[in-house]
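> A single structure is presented below for examination.
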Amino acid sequence: MKIHLFFFILLFWVTILPARSNFDPKYRFERCAKVKGICKTFCDDDEYDYGYCIKWRNQCCI
């Protein structure tokens, strides 16, 4: 059981933690504005999720 916990933590460390953005919130919003995106909670079916805006729940939809 301990080996499963170890592999789960290792998997979390390798996949989830690097996916966090290192940009400050200001730069994340400016990046969305550069591509003429709109910050929304959820993107529609015909929109592309470009990344996160200032709040982590808001997505930049193009």
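Using the three backbone atoms N, Cα and C, a Cβ is placed for every residue, glycine included.
Summarising the annotation, Swiss-Prot assigns signal peptide to 1-21 and lists sequence analysis as the type of evidence. Here Swiss-Prot flags Cys32-Cys60, Cys39-Cys53, Cys43-Cys61 as disulfide bond.
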> In sequence order, what residues of the same chain, 6+ apart, have a Cβ less than 8 Å from the Cβ of Cys32 (disulfide bond)?
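Once residues fewer than 6 apart are set aside, Cys32 (disulfide bond) is near Ile38, Cys39, Tyr50, Gly51, Cys53, Cys60.
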> Long-range same-chain neighbours of Cys43 (disulfide bond), Cβ under 8 Å, sequence gap at least 6?
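Spatial neighbours, sequence-distant, of Cys43 (disulfide bond): Asp49, Gln59, Cys61.
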> Three states by DSSP: which one describes Cys43 (disulfide bond)?
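The residue in question, Cys43 (disulfide bond), is coil (DSSP, three-state).
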> Would you count the other CB atoms within 10 A of the CB of Cys61 (disulfide bond), including those on all shown protein chains?
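Other Cβ atoms found within 10 Å: 19.
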> Let me know the DSSP-derived helix, strand or coil state of Cys32 (disulfide bond), please.
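Note: Cys32 (disulfide bond) is helical by DSSP.
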> If you count Cβ atoms within 10 Å of the Cβ of Cys39 (disulfide bond), leaving out that atom itself, what do you get?
16
> Specify the secondary structure state of Cys60 (disulfide bond) as given by DSSP, simplified to three classes.
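Reduced to three states, the DSSP call for Cys60 (disulfide bond) is strand.
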